[in-house]
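See structure below.
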Amino acid sequence: MKIIICGAAGRMGQAILSVAKADENVQVVGAFEYDGSSAIGSGTPRVAPISDLEKVLPQADALIDFTSPDSALKNLKAAKKYKIPVVIGTTGFIDEQKNEIAEIAKSIPVVMSPNMSIGVNLLFKLVDEVAKKIPDYDIEIVELHHNKKKDAPSGTAAKLAEVAAKGIGKKIESVGVYGRHGIIGTRNQDEIGVMSVRAGDIVGDHTVYFAGPGERIELTHRAHSRDTFAAGAVRAAKWLKGKQPGLYDMQDVLELK
Ligand SMILES: NC(=O)C1=CN([C@@H]2O[C@H](COP(=O)(O)OP(=O)(O)OC[C@H]3O[C@@H](n4cnc5c(N)ncnc54)[C@H](OP(=O)(O)O)[C@@H]3O)[C@@H](O)[C@H]2O)C=CC1
Ligand SMILES: O=C(O)C1=N[C@H](C(=O)O)C[C@H](O)C1
């Protein structure tokens, strides 16, 4: 399995490189960073400028992207040109970009998930189940991440909120509340609060609260290491081999649907 890693010098890129190196069935044929990055020329395999991506794409079985929304979309467009399957772990896409990704996925198979861990993908299922069972309980989501994270809320928290909203028969666009401040009045019954904490080197924690009269449920996932996301990304790349074009997620890869 020959893979390309975009964002190779980043936190996730480095974790994926070490998972790939430990796997005898995986060969990294390209490790890319943006043009002008101080990482160009470093490491094994050597980190190359993203402007060289199309030189390597024809030899790859899959491209794994953990960069930023704009560059992920550019890399996806290049992969489409060469019909190479793509794993997108990058988060923070706006709706217009998500629509573009869905359109491109009509031509090539794409796995896109804000969280590649087994635990969080099970958490999505649990939240759906609990929200459906107790739709009148207050739902709040708190996510904690390291102080270098650029997007908020995390892609995972956004997805948890979407799943919870759907579970209670609402659209997250109508019920999502992102942070609170000032004399805001009492809580609306249907709102789903999403709070973001940025501190130190926290890898990624997500808690979903369901609070009702005299009790609450807290469903928490804590990632101890980025290796869990990296292993998931490599598993998704392998899973994509021979798949029909389409937009898949980690629940497809992990057969949780
Ligand atoms: N789906 C999942 O399971 C997970 C998703 N993520 C998501 O993955 C993304 C990356 O996270 P993380 O690794 O922590 O972030 P980092 O900032 O550490 O890594 C991103 C890397 O991509 C580089 N980069 C930026 N633009 C380009 C480009 N045009 N071409 C190639 N490389 C580029 C960055 O360079 P520079 O720093 O110099 O800008 C950086 O080295 C985020 O969106 C994050 O939310 C993270 C963990 C798990
Ligand atoms: O940026 C990160 O670090 C993480 N991002 C993902 C997200 O936005 O949900 C997943 C994970 O929690 C780590």
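Each residue, glycine too, has its Cβ placed from N, Cα and C.
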Report the candidate from GLU24, GLU33, GLU129, GLU140 that shares the NAD(+) site with GLY7, ALA8, ALA9, GLY10, ARG11, MET12, GLY89, THR90, THR91, SER113, PRO114, ASN115, MET116, as recorded in TrEMBL. GLU33
At a 10 Å cut-off from the C-beta of GLY155 ((S)-2,3,4,5-tetrahydrodipicolinate binding site), count the other C-beta atoms across all protein chains. 18
Report the mean pLDDT of the predicted model across the domain 'Dihydrodipicolinate reductase C-terminal' (119-254), rounded to a whole number. 98
Got a sec? Which of these binding-site residues, ARG11, HIS146, has the most Cβ atoms within 10 Å? ARG11
Out of the active-site residues HIS145, LYS149, the residue with the smallest number of other Cβ atoms within 10 Å is LYS149
Quick one: which of these recorded positions, HIS145, HIS146, GLY155, THR156, have their CA within 10 A of ARG11 (NAD(+) binding site)? none
Rank aside, I only need the closest one: which of the recorded positions HIS145, HIS146, LYS149, THR156 has its C-alpha nearest to that of GLU33 (NAD(+) binding site)? LYS149
